[in-house]
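Working notes for the structure below.
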């Protein structure tokens, strides 16, 4: 059966993967309310397409932190990709490079920064978890720099791991033939079996709960790489991120895997964008499955979006070819959405091109959905 959209890969991944692995990728925290909401919220935004505009030429290119990419669709950090496919992060890196876009490598990858760099050219960011041992952190950042990574995406929403009940039920742990490759030489690459989630125990033991804004400052003293703060959901934190010298903000709820009952990221986006006041770019992570979703995020002020689960599901289904297909489908859908909305470049996508169910009745008419 021919795959015609991104979502179809999830069912294939579910068939192919061991239950423990699929559940790890697919599940969210607790009631999974935010997991559903990350998707559902997009359906509360409708289009106001403009017609009779020459859309014979459409330019989707953009720059992120000064790097030119083919489209505003990038790859979020997703952990342990070799659980999905033997080629894991190698395949993902090649697919991202072929699509002319940015891959973010997870700290908890099953391939190291050096291994991913060895796949060939490409613009890559490194997602960072701050370990209690700051020498480990400094070493990791230096290795990412040396391997040619262009930015650090600092995850700030995980002082403790969210309660993911599927992982507790499955006693989730990294399969024995895999390691967290970036930590292999530091005796931090293995995950012990636990009475609940092996990952939750690993985080409790290794990740620093004291992490605060002063550590964002500290990170700037050990690296010249731009720092993206990943996990911002409020205007208050957006303003502090700007003051702290962040190069950008990723509006993220960690794929709805941390605190349940936070808003969908697309709902939090506009508040963060307004608070950033154009001083640094704001990106959206979470729930994007269609080109229409990408357009909606940009109309609300995002400079680009990141996809996570679609990468691991397509990787599980078809390896590198699957990830390439996800990127090409999203690209084609986004281009079509632009054309049908009357936008020829990203700068032509405006707030006027959408109406949301939270728009005030005195402004644009809010349709009853």
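Note that Cβ sites are derived from N, Cα and C of the backbone, with glycine treated the same way.
If you look up TrEMBL, you'll see 254 marked as active site, proton acceptor.
Look at TrEMBL and you will find 24, 129, 164, 254, 257 tagged as glyoxylate binding site.
Among the features that TrEMBL reports, FMN binding site is placed at 77-79, 106, 127, 155, 230, 252, 285-289, 308-309. All protein chains included, residue 127 (FMN binding site) registers 24 other Cβ atoms within 10 Å of its own Cβ.
What TrEMBL records for 1-359 is domain 'FMN hydroxy acid dehydrogenase'.
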**Item:** Spatial separation of residue 164 (glyoxylate binding site) from residue 285 (FMN binding site) - C-alpha basis, Å
**Value:** 19
**residue 129 (glyoxylate binding site), number of other Cβ atoms within 10 Å** = 22
**Fill in**
The rounded CA-CA distance in Å from residue 129 (glyoxylate binding site) to residue 77 (FMN binding site) is 11
**Request:** Please give the average pLDDT for the domain 'FMN hydroxy acid dehydrogenase' (1-359) in this predicted model.
**Result:** 95
**Prompt:** Including all protein chains displayed, how many Cβ atoms other than that of residue 164 (glyoxylate binding site) lie within 10 Å of its Cβ?
**Reply:** 24
